[in-house]
Amino acid sequence: MRKQALILVCIVVFGVVGSCHGGSLKKGYYDNTCPDAEAIIKNATEKRVANDPTLPARFLRMHFHDCFVRGCDGSVLLNSTTNNTSEKDAIPNLTLAGFDVIDDIKAEVEKECSNVVSCADVLALAARDAVSFKFQKPLWNVLTGRRDGTVSQASEALANLPSPFSNFSTLVQKFANKGLNVKDLVVLSGGHTIGVGHCNTFSNRLYNFTGNGDQDPSLNATYATFLKTQCQSLSDSTTFVAMDPGSGLTFDNNYYVTLKQNKGLFQSDAALITNEISRIIVDELLVSDVFFREFALSMVKMGAIGVLTGNEGEIRKKCSVVN
């Protein structure tokens, strides 16, 4: 049975998460079975990020989308089959990218240690290493020992993933369902400091906010004018803009500065300043050191959602197909 590693109850102690549930993630899980695994993943990830600066945002989002559906079990990496539409083909995941790169990194690990390192761990480590590349130091700890799931369903992605159209109470509920609190919601939303948003995920705020051809009054008017030059219709689903204007490739706390200027791109971003408690957290995260510290803590919590450990699941040989 899946062990829900609810960190609200099971605090990180001595580098082990989820041990109070029988299974455990820990630092250096592969030290004996594949001692070079983390170095191989780090080197392979950094080599690719050096050539493609969009990968940190892509891997971070992919890891988040994996963890919110069936837990961090690599289910987002599985391809659809004749009889099943998998998570990656669900509408919220159609703009995920970088699956081929994860497959390549996993193949490099397999060459060194066959059938040892899970795809779920490869993704968790690659996300951390990609975002950390420019800093030349790891921005958060990744505990390892996840196993790979064998089920992936598009319907579960639709049901579990927070939507860019969500209001504050919906976001709080979606995060609470995964054992994450309001602070985690505000902190992890800071991941929007890198990456892009497609026009169809926010153009209703520009052209048809209440169904009367109007603009969202909470959106900064100057920013809205700029967005209209990029997204010229409600039907545009291919054009995209940086989620953090002027800072879309830089991982920092500028996202919270833009929130305070009413320049949050999605309704789900703007929602964070509609609640008194979350507004206080936003203000705290305007201090860079506070943001990096809190982001590291929330990533460890998120990385332990619903993990499979021990003999649960499997170690996939190829990330896109079950064994």
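Backbone N, Cα and C atoms are what each Cβ position is placed from, and that goes for glycine too.
Among C20, C34, C199, the one TrEMBL lists as the disulfide partner of C113 is C34.
In the structure as shown, the Cβ atom of D244 (Ca(2+) 2 binding site) sits within 10 Å of 30 other Cβ atoms. Proximity to C319 (disulfide bond), judged by a C-alpha distance within 10 Å, picks out S75 from the recorded positions C34, H65, C67, G71, S75, C113.
Rounded to a whole number, the C-alpha distance linking C119 (disulfide bond) with R61 (site 'Transition state stabilizer') is 16 angstrom. Put simply, R61 is the one of the recorded positions C34, R61, C199, C231, D244 whose Cα lies nearest to the Cα of V69 (Ca(2+) 1 binding site).
The shortest Cα-Cα distance between P162 (substrate binding site) and any of the recorded positions C67, C72, D73 is the one to C67. All protein chains included, E87 (Ca(2+) 1 binding site) registers 28 other Cβ atoms within 10 Å of its own Cβ.
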